[in-house]
C-alpha cells in the first residue's frame, strides 16, 4: 500500500520572532496543570506531589520516570508549563520602570493620557507610521513622556497629577500634594480646622503621598483606551499595560530545574527556582487563608513578601530589598540564567561545546607541508567522518568496516539507509562489509588528506582558525610546520590547540577554499604575509646564502635532496667555480629551491635591501642588497626581511602575488625541510663563550659609559646651579630628567652598535640578531656589554624611600647609579641594587601585559558586536543586516585589503615593470619614444577592458608613466638616466629622431661617427710625425717648445676621444636595459589589470568582522602607557590601548585633549608667545605680586599689584583695566565695576560695598581667598599652551594647546583656523560637524598604529569611522551606542544588559527578523554573509513544467 501522507520532518526556517506580553488567558492556555500544592514530594509514595511544583505533568528529571502529560521519557519530553494563580497582583520586577512611566503619562483618576486632543492625534499618526524604526519610536516616546510629566491637571477629569517615584525596592508613590494649583489649595483648606487644634500637622500635610499598589495600578491600566496605548508605543491587542502586572505566574518545566538525588538516596538537592516557587505558593496560600480574618497590616506584610519572592524569582539581584526579605544564600533567578558569560545567551546559544573535536599539546615538524597537520592515531581512531557509499569508494569503505574501530584506518559505525545505526565493535564485520549498499553511510576514521580545522585560543583574528590536511602519525601531539606559528601566535612551550572535523562535503569544500592555509598566507589587516619562515629557518637561510659559502657537488646535490620529494625532478645549475674543483654557492641553493626544474615557469624578479644593508647597492660590503633575476639570486644574504613575515617586499609575498599561493607554499615547505636538515647536520649553538666580551670590547664599553657619565655630571651641575637651559614647556626638573634619560638610554644603543662591529662573524648571538631570527642589538648589548637604564612609567626609577630610591644612596641623589642605571652586563652579573632596579623594570612589563589582555579582549568583543553584520553586497555597497547603507562603496575604491600588493594599493608598478622587462626582453622590437609610450598607455587605459577600473587606478598608471608634481614618472626616469650617462635623449614632446649632445645642437649620427673616425686617423699620423721630429731635431730649442705644445694638444684630443668612445659604448648597454617596447607595455598593463581584478572585494565578504579583528588584534601588542608628544618632553599624549578605547567609546572627556594650532606668523617666536598668551588660561594669582588687605580709619579695601616683568616676559596683553573687567564679570564675587578702581597699568583697589551683611573684614577675607582663581586672560578650559617647532630644519612654530574649546582657539587672533585640529572627536563634531569627526577618528587611529610601528589598512579604519557616524551623530562602540545602531533584540540581548533588552522588546511588541549574525547563530539559521548571501536556482526543463491555468479558467 502506497503511503499517501508522510509526516514532514524537514526543519523549518524561523522567519521572525515577535516579542509580546502574556495575558491571563494565554498563561492558562499554555499550561497543562494549575500548581496549588507547596509540598514537593509525597513522603509515603516517594514520588512528586500531584499539583506541586515537581508534578510529573510538568515533565520529569528522573531517568526512570515518564511524563504523565505526553508519556515520553526524559530524553524525548521537553517539558510542559504549569501556572500559579496569585491571590493578589504583584509588580513584575522586569517591567517596573515601564509601569512607572505609564503611570506618569496617564491620569491617576481616569486613566487618560495627559495630552490635549490635538497632540494626541498628532502623536498617534506618528506612532502608526510603519516606516519609523525602533530608535525613532523610542525618541518620540521620550518626548511624549516629558510632555505628559509637565501636565499637572488632567484635561478630561481635572484631577491633580504629580510626580511618580519609586520607594524602596518595588513600591510606587504618587506625589500628588506638592505644588501650588487651585485644587491643592482647596485640599489644604480642608485641614484648616485640624491644624488649629494640632499645629504640628501643617508640616506633614504637604508630605502626603498616594501609594499606588499593584491592585490600584492594575485597575488604572485596565481603563486605558486603545488609542492611548498606541501612543505609548504598545500593542492594544497583544500588549495591553495590565499584562505588566502579575496575576498569574507561569511555572517552568521540571527539565530546566531538575532535582538532583543525593548519594545514598537520602533526599534530593532542589533547584533555586523550585524552592522559590514553593515559597511563592506558601505565601500565596497564607494570603488566601488570612484575607477574610486577619488584620490589614498582616495582609500587607504578606503581600510585600509575595512581591519580594516573585521579584527574586525573576531577578535575584533586586536592589533596595529590606534585610529581612533578602535570601539567606545566593539565588539564581531567571535573569541570572540568561545574562553573563555563562548565561544561556553567551554560554549556550551564541557559543557552545561541539562534537567531533580534539585537543592536545602541539609540537613542531618541519617535514610536514605548510597545509598539513599531524593527527595522533589515538584521535584518528575516535573522531569519525560520515562517508556515503558510492560506486567509487565501496571497496575502500568495505576494508575500513572489516578493520573495525580499533585498527587504523577503520570505521566505528554504519548508518543504513533506513536510519539504523550499527556499532562495529562487536559482530561479524566481514558480513557487514559484504552487505554494504550504495547510499549507506560509514563513519570512518580520520585518514590522510581529510580536511580539518585547526584553532588556537584566543582566536583574535580570522587566521586563528584555518583548515589543514590531516596526516595520521604515531605519538600523542598535534604537529605542524613552524612557518604557520605566526598566525596562530603559537609556540611550543606547552601550548595546546584544537582540531575540528567538518562533517559534510559542503563544509569541507568551504573550509578548503575559504579557510585553507594556502589561501590565507597573508593577513587581511594590511595584506602582509604572516605564514613565513621563522627563527631556525632564518638562521639556516642566512648561513647558507652568506658570501664564501661553497659546496662540492655531492654536498650540493645532498642539500637539494633535503628539500625535494623522492619523485621530484631536479636540474642542477652550472657550478659557480669550475677549476680546480667544481663548486656551487649557497645562493644557488635558493635558485634550485625556487625553480627545481628548468621546465618550471617560476621566474621571480625583485630587488630589495636586507637587514644588514649598509651602502653601494649591489656592491654592499655586508652583502645586504638582495637581487633576484629570473629566480637566480645574484647577490645578497637571505634574512628575515627576505623570507620572514610582515614584509611586502619578501620573497614569498612576491611569489604569491606574481604566481600563486600554492607555489609560495611549496617553496616555503622546501625551505623548512632544507633548513631543518642543514642545521641538524652542521649544528648551531650558543654558549657562555659567545657572550664573553674581548678585552678591547670591554675597554671601549668603559669609555662609552665614562663619556656618558661626564655628560650627566655636567647636567647635574647645571641643574643644581639653576643654569640648565629649559626645554620648551618644561620645568627645570623635567628638562633635567629628559636629558639624563636620553643620555643614559643612548649608552645601550651605542653598546649594541659596538658589539655588531667588534664581534666576529661566527658569533652565534650576532648571527641570530643580524638575520632577524631572534634578538636584537639591544639584547646582544645587554648580554655582553651593559644592561642599561631601567625605565618605569617612562622615567628613571622614582624615589621609593625618603628622597632616594633605596637606602644604599644619599638623600636627593640623582646620579645615574642611584636612579636605575645598570652598568654591568648579564655576563658579568649585577650588584644587588642593580638587580633590584632591574626587577622593577621587568615587573612593569608583566603588569602591563596582564591588564592589557582584559582591556583588549573586551574592546575587541565590542568591536565585533558592532561590526559583525556589515558586508559587501552585489552593488559593492557596505550594508548592515537590515539593509542600511554604511558605505556606498567599500573603502571608497572597492578593493580588498588582503589584495594590496603595495602600501594600501593593489599594484606595485615598479616591481611589475621590472618583472616584465626581465622575463620579456623583446630585443628585436624597436624602443618606444616618450610620446609613443604616452599615446599607447592612454589608448589601452581608455579601451573597454579597463572599464571596470576606477578613475583613481587609471590615474595611478598615468602618474607612474608621466609623473606629477611630487614624483618623477617612468618616462622621465628613462630620460634622466640617459642624460646621466651623457647619451642621446628624447624630449617628452619630440616626434623626430633627434639626438641632444652637450652643446644641445642637433647632429646626425652617421656624420658624427665619420668625423670621429677621420679625426682619429689624422691624430695617429700627427703623433708619428711628431715623434720623428723629436728624434731629428732634439737640440733645437724652438722645435722642442713646439713639440711640447703639440704634445699637450694631443693629450687633450685623446681624452676627448676616450670620452666619446665611452659614450657610445654606454649607449649600447643602457639602450638594452633602459628601453621599453610595445609588447612590454601591453604585458605590463595586462598584469596591472589582472592584479586589480584580483584585488577587488568580493560580494558577501564580512568586511565588518575582518575590520573589527584587524583593529582589535594589534591591540594586544600595544602598551597601556602615556607617551611624550614628539619633540616636547612635557606634553604627554595618551596612546596605545587607552587612546583607542577613548576613540571607540566616543568619550566626552579624554585624558589628554590636545589642539594643534597653526599660526598666521609661524616663523616668529615672539608672535607665537603673544598668541599663546591669548589662549593659555592666566589667573590673577599668576600675575599678581601681592593681594593684601588695607585697613584705615576711612575704611578698608584690597590692594592688588601686578608683576610687570612677568607680564612682559610672557607677552601677555593685560593691564589693570582688563583685569578689573575680568574681576567684575566673575560670578560668585558679587562685585560691581564701580567698586574696582585702577591706579596706573599695574595697580588695583577693591572696596567692599557699604551695606554688606557679614561685615567688611569678613568680605575682604572672602575676596582674598577667591581672587587668585579669577581668570584674567585666555580660554578658561585651556590648561596650558606649549610652543613647538613644526620642522627642526626650518624655524617654524605651532602651538600645542592642552584643553578643550576648539572653537575659541580657532577664533583667537593670530591662529590659522583652517589648519587647526583637535584630537577630541566629540568636540570636532560639535564645532566642525560629523565629517570632521569621522576624519579625526581615522587620523587618530592611524597615528596610534603608526606610533606603535604597526600597519593597518586604512579601509578598516574607514569602515569603523563610517559605522560610528552613519546615523548622523557620533555613536560610541558601547552598550549605549550599539543599542542606537542596531535593531535586533537577540543581538542586543547577546551583547549586554540581556534581560533589559528582552523586557523592553516585550513591552513595545518588537519584532526580530533574524537577519544579523548573532540572531542567525542563536536560531540556527544560515548567516546571510559569504556563501549564505545568495540562493541557487536549479535550471529546469521547460517541457516538464505543468501548465498554469488561466486566471478566469475553471
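Placement of Cβ uses the backbone N, Cα and C atoms for every residue, glycine included.
Mapped onto three states, the DSSP output places residue 77 (Zn(2+) 1 binding site) in coil. What Swiss-Prot records for 67, 70, 77, 80 is Zn(2+) 1 binding site, and it gives similarity to another entry as the kind of evidence.
Among the features that Swiss-Prot reports, Zn(2+) 2 binding site is placed at 107, 110, 154. According to its DSSP assignment, residue 110 (Zn(2+) 2 binding site) is coil. Counting only residues at least six positions away in the same chain, the Cβ atoms of 154, 156, 157, 159, 223 sit under 8 Å from the Cβ of residue 110 (Zn(2+) 2 binding site).
In the three-state DSSP reading, residue 493 (Mg(2+) binding site) counts as coil. Residues near residue 493 (Mg(2+) binding site) in space but far in sequence (CB under 8 A, at least 6 apart, same chain): none are found. The Mg(2+) binding site feature in Swiss-Prot is assigned to 491, 493, 495; the stated evidence is similarity to another entry.
Summarising the annotation, Swiss-Prot assigns region 'Bridging helix' to 832-844. Averaged across the region 'Bridging helix' (832-844), pLDDT for the predicted model comes to 88.
Counting in whole angstrom, residue 80 (Zn(2+) 1 binding site) lies 46 from residue 495 (Mg(2+) binding site) by their C-alpha atoms. Remark: of the binding-site residues 491, 495, the most isolated position is 491 (fewest other Cβ atoms within 10 Å of its Cβ). Sitting within 8 Å of the Cβ centre of 67, 70, 77, 80, and not among those site residues for Zn(2+) 1, are the Cβ atoms of 57, 58, 59, 60, 68, 69, 71, 72, 78, 79, 253. Note on the binding-site residues 67, 70, 77, 107, 154: the fewest other CB atoms within 10 A surround the CB of 70. The binding-site residues shown are 107, 491, 495; of these, the one with its CA atom nearest the CA of residue 77 (Zn(2+) 1 binding site) is 495. When the C-alpha distances from residue 67 (Zn(2+) 1 binding site) to the binding-site residues 107, 491, 495 are tabulated, the minimum falls on 495. A distance of 69 Å separates the Cα atom of residue 107 (Zn(2+) 2 binding site) from that of residue 491 (Mg(2+) binding site). Rounded to the nearest whole angstrom, the C-alpha distance between residue 495 (Mg(2+) binding site) and residue 70 (Zn(2+) 1 binding site) is 49.
Separation of the C-alpha atoms of residue 70 (Zn(2+) 1 binding site) and residue 491 (Mg(2+) binding site): 55 Å, rounded to the nearest whole number.
Cβ neighbours within 10 Å of residue 80 (Zn(2+) 1 binding site), excluding its own Cβ and spanning all shown chains: 23. Sorting the region 'Bridging helix' (832-844) by DSSP state (H, G, I as helix; E, B as strand; all else coil) yields 13 helix, 0 strand, 0 coil.
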